[in-house]
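Annotated features, as they stand in TrEMBL:
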type	residues	note
ACT_SITE	177	active site, proton acceptor
BINDING	6, 7, 8, 9, 10, 11, 126, 241	NAD(+) binding site
BINDING	10, 29, 30, 94, 126, 241, 262	NADPH binding site
BINDING	94, 241, 242	substrate binding site
BINDING	94, 122, 124, 177, 230, 240, 241, 242	sn-glycerol 3-phosphate binding site
DOMAIN	2-145	domain 'Glycerol-3-phosphate dehydrogenase NAD-dependent N-terminal'
DOMAIN	166-302	domain 'Glycerol-3-phosphate dehydrogenase NAD-dependent C-terminal'
Ligand SMILES: NC(=O)C1=CN([C@@H]2O[C@H](COP(=O)(O)OP(=O)(O)OC[C@H]3O[C@@H](n4cnc5c(N)ncnc54)[C@H](OP(=O)(O)O)[C@@H]3O)[C@@H](O)[C@H]2O)C=CC1
Ligand SMILES: O=C(CO)COP(=O)(O)O
């Protein structure tokens, strides 16, 4: 049995997609809706999805998809991780925890050492998955056999999963692209043009790869769905919350603080990591200052353009 923990847009979309294969439990801490989740408007949640606030019932499943925002995962695991030993735990969070500077897989392994840890990530908007549009994602698990079994269990005819054992690379691809999407949105919001956005995507990709490899990832993982693929999607689509947040920053407009924008906290985590490890992460550092209100887009661009000229 499969249970999805976290009834936000993505958890709900995954439950809807997996319902095509059989019964799924969708757990949320507060289910105050019926039939259609306001976080995923226009999508009817079908009958095979058992929606519940009962965590004990959800924890009966052998496979748990953790669909919580990255900054909420640590607290949730601290409270409930002790009951998840022996399960297959698949994180969908795209971020780095600000408190510990760790990714979701390390948080899970710390809280539930006996669990099989995996990451499901890649270019996919919740609304697209829920509508049954074709999507390709990365399923990362360090244990190849467990990874193959999860690939079978979670793939559907329209949700195509590619397998890797590079968990660090897969989760960093998803976390870092959100930071770059804020930068791309800021460039567009400030009216700096599509050419500048292409520069952000390309130099952002170089920065992502450099950091991920430094942290133990395989470089080629970043050229896959959960790196380049998700970076391109998120930097170029109005559907992206990170892009829209950046665009609002660039345009000097307000943004709804209730919307999940993983890239803001992750940029701050990266700035701290860069300081601790002596890394040069110019774009992430700028996004951290932009998102924190410490600098304007104009000043950020001035700083970036004034950097010494170098080889590509
Ligand atoms: N939306 C998308 O298109 C995609 C999202 N993702 C990733 O999935 C993760 C979740 O995003 P998404 O579903 O969109 O976010 P949403 O903002 O739609 O939902 C977040 C959900 O998390 C719940 N939550 C927060 N804290 C806790 C907690 N301590 N215990 C239980 N539930 C909690 C919220 O519940 P409550 O309402 O009670 O606050 C809410 O249901 C993110 O890391 C995101 O990057 C990945 C791919 C695509
Ligand atoms: O991760 C996503 C698409 O792959 C969703 O992006 P946003 O969180 O920016 O909406």
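Cβ from N, Cα, C; glycine included.
Automated prediction, rather than curation, is the source of TrEMBL annotations.
The Cβ of residue 9 (NAD(+) binding site) lies under 8 Å from the Cβ of 37, 39, 40, 126, 127, each of these being in the same chain and 6 or more residues away along the sequence.
Residue counts for the domain 'Glycerol-3-phosphate dehydrogenase NAD-dependent C-terminal' (166-302) under DSSP, helix first, then strand, then coil, are 103 helix, 0 strand, 34 coil. In sequence order, 4, 5, 26, 28, 65, 67, 68, 92 are the residues of the chain that are 6 or more apart from residue 11 (NAD(+) binding site) and have a CB within less than 8 Å of its CB. Rounded to a whole number, the distance between the Cα atoms of residue 241 (NAD(+) binding site) and residue 29 (NADPH binding site) is 23 Å. If you measure from the Cα atom of residue 94 (NADPH binding site) to that of residue 124 (sn-glycerol 3-phosphate binding site), you get 12 Å. Put simply, residue 7 (NAD(+) binding site) is 17 Å from residue 124 (sn-glycerol 3-phosphate binding site) when counted between their Cα atoms. A separation of roughly 7 Å, to the nearest angstrom, links the Cα atoms of residue 262 (NADPH binding site) and residue 242 (substrate binding site).
In this structure the alpha carbons, written CA, of residue 30 (NADPH binding site) and residue 7 (NAD(+) binding site) are 8 Å apart.
The distance from the Cα of residue 240 (sn-glycerol 3-phosphate binding site) to the Cα of residue 6 (NAD(+) binding site) comes to 19 Å. Listed in sequence order, the binding-site residues among 8, 9, 10, 29, 30, 126 whose CB lies under 6 angstroms from an atom of ligand 2 come out as none at all. In this structure, 124 are the binding-site residues from 122, 124, 230, 242 whose C-beta falls under 6 Å of some atom of ligand 1.
Listed in chain order, the extra residues whose Cβ falls within 8 Å of the Cβ center of the substrate site residues 94, 241, 242 are 178, 181, 234, 240, 243, 245, 260, 261, 262, 263.
Each of the binding-site residues 230, 262 was scored by how many other Cβ atoms lie within 10 Å of its Cβ, and the smallest score goes to 262. Put simply, residue 7 (NAD(+) binding site) is 20 Å from residue 242 (substrate binding site) when counted between their Cα atoms.
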